[in-house]
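Here the structure comes first, spelled out in structure tokens, and everything after it is commentary.
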Amino acid sequence: MKREEKPISSGSAPRRKTHAVAVPGNTGPVIIGGDAPVVVQSMTNTDTSDVEQTVCQVMELVQAGSELVRMTVNTPAAAQAVPLIRQRLDDAGIHVPLIGDFHFNGHVLLQDFPACARALAKYRINPGNVGIGESRDSQFATMIDIACRYEKPVRIGVNWGSLDQALLKRIMDENAGRSAPWPAPSVMYEALVTSAVESAAQAEALGMPADRIVLSCKVSGVQDLIAVYRELSVRCDYALHLGLTEAGVGSKGIVASSAALSVLLEEGIGDTIRISITPDPGSSRAREVVVAQELLQSMGLRNFVPMVTSCPGCGRTSSTLFQELASNTQHYLREQMTVWKNRYPGVESMNVAVMGCIVNGPGESQHANIGISLPGNGETPMAMVFEDGKRKTMLRGDNLDEQFQALILKYVQSHYG
Ligand code: SF4
């Protein structure tokens, strides 16, 4: 068969058109949706009533690059702490918008603690647990009314672990009446999407403009999440918050989140993301921010920190020197970004290669802005450095780390800003 000759194309589908939601902040709003880049957000896991600890963790998340930070507001003590947390962050020059995560008693807390309602930039409402029956409608209406009064956007965040049971029953009854009932997963998807879309319509009927509504429908299965968001993207034009809920611990959580979110992002679906990984005990909460940034950067959607391309290593390079150099270089680049991002605009898109031997080392290094190809076993003990595709110099000695970092810094100073 004769193949039609045409260039092989790449890149994600155009972003789905959504309302742009402005999340207010002291130094200007963070925009979710519209033409804005996909926003990285995170959530604290401290007791919100502990102002000290929560402020520290928000700072850590912001330092890592979180553009919005959510915190649970579950008790009167937590609601009282929110304005104090806001004040402490403002005093420290950290103006990240804070999002309040409300369940069960959000209508009470927002009413009883107006300073909390004002200090938060956005409210997350879970339509599955704002009440039952008539009280559900009035409690939901109370939260929307307060959000309208303070001109705050909301996220209507459906979660399959706390799905509105009355709505689920209604969808199941409708399914039972079909001549060919749908399979159970499809019924669940329908209930999730319906809950989000109907709750958003209800919010609009109560006076909340569409450009102050973000929707999410979180599940913990990769293919479930993809199915639900594909449908959600067809049924509405609200900005969408993506996240695989309860993704899991360590690499499992990272892989599952990346698998689900990358498919959707590639299809142009998703305006803000959160990676819900369970941190390893004692590890930094900021890991979820780094993973979110790396996911967006790997997909070519945004650049945050220069990326290191490194080979996996094999029998041709048996020393740990190569692994250490790759790891140290990535750490160095991330640390430098606190200064570089203002001083050297554009540096975040720089590519750095660290390769183990001459098989692929020179080739890959030539494709990077700056790259190093280490000597493999039996090769001359010299490391070739390439800049912009051309051989620049040879490095020797025990302190390759420092020598290479000095060359990277020189490259940055001469090419950016
Ligand atoms: S570049 Fe060399 S060391 Fe790295 S994986 Fe390829 S052959 Fe192995």
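Just so it is clear, glycine is given a Cβ too, placed from its N, Cα and C backbone atoms.
If you look up TrEMBL, you'll see Cys311, Cys314, Cys357, Glu364 marked as [4Fe-4S] cluster binding site. Within the same chain, residues at least 6 positions away in sequence whose Cβ sits under 8 Å from that of Glu364 ([4Fe-4S] cluster binding site) are Thr309, Cys311, Ala353, Met355, Gly371, Ser373. Secondary structure at Glu364 ([4Fe-4S] cluster binding site), as computed by DSSP, is helix.
For 27-292, the entry in TrEMBL reads domain 'IspG TIM-barrel'.
When pLDDT is averaged over the domain 'IspG C-terminal' (308-408), the result is 93. The annotation domain 'IspG C-terminal' is assigned in TrEMBL to 308-408.
Among residues of the same chain six or more beyond the region 'Disordered' (1-26), those with a C-beta under 8 A of the stretch's C-beta atoms are 32-36, 68, 90, 95-97, 99, 121-122, 151-153, 210-214, 233, 237-240, 265-269, 271, 299-301. Positions annotated as region 'Disordered' by TrEMBL: 1-26.
Shown are the binding-site residues Cys314, Cys357; of these, the residue with the fewest other Cβ atoms within 10 Å is Cys314. The [4Fe-4S] cluster site, placed at the center of the C-beta atoms of Cys311, Cys314, Cys357, Glu364, has further neighbours from the same chain whose C-beta lies within 8 angstroms: Pro312, Gly313, Arg316, Thr317, Met355, Gly356, Val359, Asn360, Gly361, Gly376.
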